[in-house]
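Step one of this worksheet: look at the structure below.
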Amino acid sequence: MEDRMLNSDRKIDDNEGVVYKPLSFEKPELLVTKKGGEKKETLFLYFCALTVNLITFVSGCSLVWSSPAIPKLKSSDPDINPLGSPITALQESWIAALPPLGATLGPLLTGKLADAYGRKKALILLAVLKMASYIVLAFATDINLYYATRLLLGVAVGMNYAVLPSYVGEICDDHNRGKFGCIMGLFLTTGVLYTIAVGPHVSLKLLTLSCAVPLIITIFCFLVIPETPVYLAATGKRKEATKALMKLRGITKEAAEKDMIHILHLIDESSKSSRGGLCILQQIAGINAIMAFIEPIFNLTGSEIPPNISSILVAVVQILGIAVASVIVEKLGRKFLLLFSTISCTLSLGTLGLYFYLKQAEASYVKNIFWLPIASLIIFMLVFNIGLGPVPWALVSEMFPSNVKASAASLATSFCGLSAFVVTFSFPFMMEFMGPAICFWMFGGVCLVGAIIIYFGVPETKGKNIVEIQKML
């Protein structure tokens, strides 16, 4: 290999500046990760990935906070309702839909920040913004403060989706990037489960304050969590990047310097790519609207199972789906999971729409299939979180060039947030004027179209490094 690679004995100067000239290679493909080499996952890597994803746990709380909160805000009892009087249908829609709207704006504010000042600083800003918003929301007694804080929490959710996949993807290696990328979905659904399970049984103030507790842990842990080696290398901080690699991968300085050469080559190659990444359209499958109004949906079914129990079952299944995805994503591949997920979502949403159609038609046997809506929703949540939920965010860390990763991911996240806002805000009105059957059939149709797009337009990235992925786009 030495006779094929130029400057292979060159030592990296710790004092080199931000502007650098990567090494030249006669055969760059020789630098790809060795398939048969030793692959280590240190406890420190797990610590970093899990700790930063506490922010995602809080994002999960934000997305479904309206589900247990809205019944309390509709109450006339001032001991239950902090606003003192019941909210209107329009106010209900705004409370539920403002986070997705904020998620449209958040990435636009964060992408350039993360590329200019680092992923770590952007995540710290995100954690502080979320904590401040939750504290204000907990003590708010005016509907306008509810609007403002829910919008800010949405901005924070958008920042979360734009920056965190880049951070996790850049601290991982080629062989474990998909698995660690799915952790984001696991923490998101755990936050959903916590809010749905605890929310109906505590005051709105206590629920809201408890959502901010994980952020305190995260902020303190940032004292020891490093910036990503990729970002440090790209900005000329070679010494810090080498130290980060040694801690994250549990390797010697010599091995870290070799990995540094590999990283610099990946940065050089990815910066030459002008192609775009995957446009993520998962939100128009209705997931955000369904989670925001999960209890009212179960109330409509007329099922004998209490709505709060049904909601908890759905949230547990979400976690199960994410856990399954994190285990099999490196074995079956991203594209297979996406296809399986979208086709299965089409079938489950179609079945759910059929139940509501039969119920509206007052079919005599509909009472005998009271279990069908909850079964359909459980299957939908399971298969959504096996593929369509976590995998796109794992792809975000793989399919964008390193030099614009956070900015490009921000644009994709903004499209997601915008579509989620439109769907969530319009969902109550669609349910009222079109009926639940048409709504769920529309969501199922979106999933079917998505399956076709994925089949023809999404490449398989399993086991490939950034150079190989960029050449496929």
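Cβ atoms are placed via backbone N, Cα and C, with glycine included.
Those TrEMBL annotations? Automatic predictions, nothing curated.
According to TrEMBL:
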type     : residues : note
DOMAIN   : 48-462   : domain 'Major facilitator superfamily (MFS) profile'
TRANSMEM : 43-65    : transmembrane segment
TRANSMEM : 93-110   : transmembrane segment
TRANSMEM : 122-141  : transmembrane segment
TRANSMEM : 147-168  : transmembrane segment
TRANSMEM : 180-200  : transmembrane segment
TRANSMEM : 206-225  : transmembrane segment
TRANSMEM : 278-297  : transmembrane segment
TRANSMEM : 309-329  : transmembrane segment
TRANSMEM : 336-358  : transmembrane segment
TRANSMEM : 370-396  : transmembrane segment
TRANSMEM : 408-427  : transmembrane segment
TRANSMEM : 433-456  : transmembrane segment
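Count of Cβ pairs under 8 Å against the transmembrane segment (93-110): among 43-65, 122-141, 147-168, the largest is for 147-168. Of the candidate ranges 147-168, 206-225, 309-329, 370-396, 433-456, 206-225 contributes the most Cβ pairs within a distance under 8 Å of the transmembrane segment (43-65). Counting only same-chain residues 6+ beyond the ends of the transmembrane segment (370-396), those with a CB under 8 A from a CB of the stretch are 161, 165-166, 169, 177-178, 181-182, 184-186, 188-189, 277-278, 280, 282, 285, 287, 290, 297-298, 301-305, 310, 313-315, 317-322, 324-326, 329, 334, 337-342, 344-345, 348-349, 351-352, 355-356, 409, 412, 447, 450, 458, 461.
Ranked by number of Cβ pairs under 8 Å to the transmembrane segment (206-225), the listed stretches 122-141, 147-168, 180-200, 309-329, 336-358 are led by 122-141. Sequence-distant contacts of the transmembrane segment (309-329), counting only residues of its own chain at least 6 positions beyond either end whose CB sits under 8 Å from a CB of the stretch, comprise 67, 178-179, 181-183, 185-186, 188-190, 192-193, 196-197, 294-295, 298, 303, 337, 374, 377-378, 381-387, 389-391, 394, 462. Outside the transmembrane segment (122-141) by six or more residues, the chain places 52, 55, 58-59, 62, 82-84, 110, 113-114, 148-150, 152-153, 155-156, 159-160, 163-164, 167, 204-205, 208-209, 211-212, 215-216, 218-219, 222, 406 with a CB less than 8 A from a CB of the stretch. Counting only same-chain residues 6+ beyond the ends of the transmembrane segment (147-168), those with a CB under 8 A from a CB of the stretch are 49, 52-53, 55-56, 59, 62-63, 65, 94-95, 98-107, 109-111, 114, 119-120, 122-123, 125-126, 129-130, 133-134, 136-137, 140, 180-181, 183-184, 228, 393-394, 396-397, 405-406, 409-410, 413-414, 416-417. On the 0 to 100 pLDDT scale, the domain 'Major facilitator superfamily (MFS) profile' (48-462) averages 83 in the predicted structure.
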